[in-house]
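Feature annotations, courtesy of TrEMBL:
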TRANSMEM  22-43  transmembrane segment
DOMAIN    37-283  domain 'G-protein coupled receptors family 1 profile'
TRANSMEM  55-78  transmembrane segment
TRANSMEM  98-116  transmembrane segment
TRANSMEM  136-154  transmembrane segment
TRANSMEM  201-221  transmembrane segment
TRANSMEM  233-255  transmembrane segment
TRANSMEM  267-285  transmembrane segment
């Protein structure tokens, strides 16, 4: 690596020290809730004999990914809001970049797998047990992790090989491709376009698959009773909410060549912290089975 920069300074969400102290309290609360809520779901799914359908298998993995995903950025951001200069080593920065894209992309693929599961459950209910076998579910989750790993490697390796020789202030609260490309001492336009193509294509194509699957689900409900509609929408409602909260901000940040980094970092709080924090709430408030299993676990 021809880089002479040994560490980067993360500028955080605000340059104002007093505002940073407020962020410290809010972010610490958010992160604590994220980890506690998602670990509770993982434990509930693992310990309950009743939550053995594919939907809960995916939900357990989603919650585990959420804990890892927010842990890549939040601790550094929380500790950084208390110090004047929030520094991160070159290796730490590349590790954070890798982790962010690895867990973020895995989450996108798991959400897509969950949409397929809902599609089969509602549109092919009689063939559901045969179509959504344990083996297929494991393969889908394995594929999600493998896809996340491949995507992340393709984002991190080229970035790590760039020459960084001058400025080292990252206009963000974590290391991401766009803010780092702005600091490289080389023409990074081709790489910027490649990054947009890579992240943007994955985000947008998965989002379109999700939208199409829900349109098909809604079309298939024509002529169904009100109870049928209610049941279908209650199983899909929570998933649609999570998809919009996660994909909306992600698409905004990664689908366009980024010029305004300060906008990006405000939007990024949504998909790195707020959505992972809301996931457990969204999935448990709408779901009696999960709530019941959680009560049993807490009694134990």
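Keep in mind that glycine also has a Cβ here, set from the backbone N, Cα and C atoms.
Those TrEMBL annotations? Automatic predictions, nothing curated.
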Query: At least three Cβ pairs under 8 Å linking the transmembrane segment (233-255) and the transmembrane segment (136-154), pairs spaced 6 or more in sequence?
result: no
Message: Applying the under-8 angstroms CB criterion, which one of 136-154, 201-221, 267-285 scores highest with the transmembrane segment (55-78)?
response: 267-285
Rounded mean pLDDT for the residues that make up the domain 'G-protein coupled receptors family 1 profile' (37-283): 85
